[in-house]
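Here's the structure we're looking at; comments come further down.
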Ligand code: AMP
Ligand code: MG
Ligand code: ZN
């Protein structure tokens, strides 16, 4: 480090690591955590606190990262996230990191070393260096995300799998290298591999393959004694955990889940608008005239997220709490949908009568109960029946539950 660097780091430390900065950090040990309303400084500090805890593990004493070095790295990483993206921004990365931290604590892997864990538990395979690699992967897993999903022309052009995820991994490693942290991630190539393979596991087009692999893993741990190589079981546990964390918004308390859903839909419809302008075909879920928030969440939970969480909970039983919360959220979305259907019926009946105008105003108010202003995005909140007619043979209108086109 040059004198100039040391001076700069000291300045950063004064801003971020002062005793008052610690006072306002959000509760990173709470499932009710959300990064909403936090400043960039608070987000950076939250990330710092997670890594600081992990680096206190005696097994990681050899990772000699100074506080200033850690801060510099996090600040740089935060800056490569595009904060104009409604969803794929640094706050999402912090949310995923905190989720992993929380789950690792529930699993008993953190904050202590796993020497207190029963050897029979699958999570006892996770060593502190795996945990460190996993958390690095979490905070970098969407680095430089352009706000456009994997069905974009870029992916088609490369005709390749995991284009975005490769970009995230590459961006992260450039920064780890710049800050001299890459060689600290692990004493061998296998830890670097773990970071990359965990990021690649977040490619949702591989979702069903992972769910099948996790199902087989549960079977191995619960019913048979035949295990894969320890390293393979360990890597699969890491993939399962980061995948859960990446879509954990649907397992958070409902008030945060709705906010994430609205932000994601905003990003999707911005993409849809762009595709329309470019004369490209638009998926219904990206089309502001077709997307229904409630349906998108009901379908995503039912057909994508719940399956993952339940299978992961069959391996790592302590994760059950998240699957339970997700089921509660599903019921909330379903009842919201019923209310809307009811409102729609009321609206249809009354709009044929002479009092149309008054009732329109009233239902309009009822429908705008959302915490986030989506009005100018014009997201319709209609029931799915209308949107996806039964026996629809037109592929373009078939329901798509996720940007990754897993069906
Ligand atoms: P990532 O883009 O890396 O965050 O991968 C997760 C993907 O899962 C997102 O891009 C979405 O396609 C999908 N996803 C996550 N949360 C939701 C949600 N609440 N509703 C619908 N799709 C979701
Ligand atoms: Mg991603
Ligand atoms: Zn993500």
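The backbone N, Cα and C atoms fix where each Cβ goes, glycine too.
Of the listed candidates (42, 142, 348), TrEMBL assigns 142 to the same AMP site as 88, 89, 90, 91, 92, 246, 297.
By the rule that a residue counts when its Cβ sits under 6 Å from some atom of ligand 3, the binding-site residues 89, 142, 246, 297 yield 142, 246. Around residue 88 (active site, proton donor), a 10 Å sphere centred on its CB holds 24 further CB atoms from the protein chains shown. A Cβ distance below 6 Å to any atom of ligand 1 is met, among the binding-site residues 89, 142, 246, by 142, 246.
If you measure from the Cα atom of residue 142 (AMP binding site) to that of residue 88 (active site, proton donor), you get 7 Å. Ranking the binding-site residues 89, 297 by how many Cβ atoms sit within 10 Å of each one's Cβ puts 297 at the top. A coil conformation is recorded for residue 89 (AMP binding site) in the three-state DSSP classification, outside any helix or strand.
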